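> One structure, pasted below without further comment.
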Amino acid sequence: MNPYTLTLLLFGLVLGTCITVTSSHWLLAWMGLEINTLAIIPLMTQQHHPRAIEAATKYFLTQATAADTLLFASITNAWLTGQWDIQFMTHPIPTTMAVLALYLKIGLAPLHTWLPEVLQGLDLTTGLILSTWQKLAPFTLLLQIPAANQELLIILGLASTLIGGWGGLNQTQLRKILAYSSIAHLGWMLLILQFAPSLTLLALMTYLVMTSSAFLTFKFNNATNINSLASSWAKAPLLTTSAPLLLLSLGGLPPMTGFMPKWMILQELTKQNLPLTATIAALAAFLSLYFYLRLSYAMTLTISPNNLSGTLPGRLTTIQLSLPLATTSICAIIFLPLAPAITALMNL
């Protein structure tokens, strides 16, 4: 892609997200979401591959449906209450419609079915943008909307954690596994959204760092399925040694960084007299941990097949990803000791 075109599209992504994050008016927020969507679609189709075109079409139709529903909800709220401000959405009907539209935008269960299929048709770089940056604007709107039906949010959050865990068990494509991992992590954020928004932001930031490190690791190894991970040791031994720690951090295994938000979320759910919800969420985390262990096993304890189709590719020579990969990897592994300081900052 032309560098000027790429720069313009990336600027559109940043501009759309910034407009949505800083706006308090529904029309401005909707405009930012639309700019964001229109900016990423050319990035999806830059490969000119049928799977990429199919993924871009599915993404466009899904996002258009969600944006139309969100606009209709905001208009309905303005008609019923006379207010366009996001924080003044008080009527239950438009509030529910807006929340469901945002769930569809970010891929929360049961409106998640588009996410694995779209992510599978993209390259790892665009998939990284879709799984990280594109979550920021809708989550900002979710944090601004007043509390809706808490029981419904808890049910949908548990459904996301369970579906994200079960859905990734029988997958062999890394992009689909990361898609179901995204659904599971978003479910954890949804569980605590109405009780502790600061914990939701902490879980979101931790998820962004860990997911970025996972995508960059797979991109560095040029791996798109589990079988291709077997040749990682021949291409990047040091990275292959640290990759299981990244994957286990995504699963929330102590003493890695991914354990911190889940630990705090379970603690907050217990304080809110929701021990059953905390127990189900903790058990659902084992489902996700299983396929992370599966990926770790494929990278470190298996070797590539000794045949023509399994011939090892040459060693990687690019160093473009070294700095962001090193930075996100360190953050995804060793930030757990900072949990007391982070907790103190959130309580200020």
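Glycine is no exception: its Cβ is also placed from the backbone N, Cα and C atoms.
Just so you know, TrEMBL annotations never went through curation; they're auto-generated.
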> Of the ranges 38-55, 56-73, 236-253, which one does TrEMBL flag as transmembrane segment?
236-253
> Excluding the flanking five residues on each side, which residues at least 6 beyond the ends of the transmembrane segment (152-169) place their CB within less than 8 Å of a CB in that stretch?
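Cβ under 8 Å, 6 or more out: 96, 103, 108-110, 112, 116, 176-177, 180-191, 193-194, 274, 277, 280-281, 284-288, 290-291.
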> Any chance the transmembrane segment (236-253) and the transmembrane segment (321-346) have 3 or more Cβ pairs under 8 A, given the pairs are 6 or more apart in sequence?
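In contact, yes.
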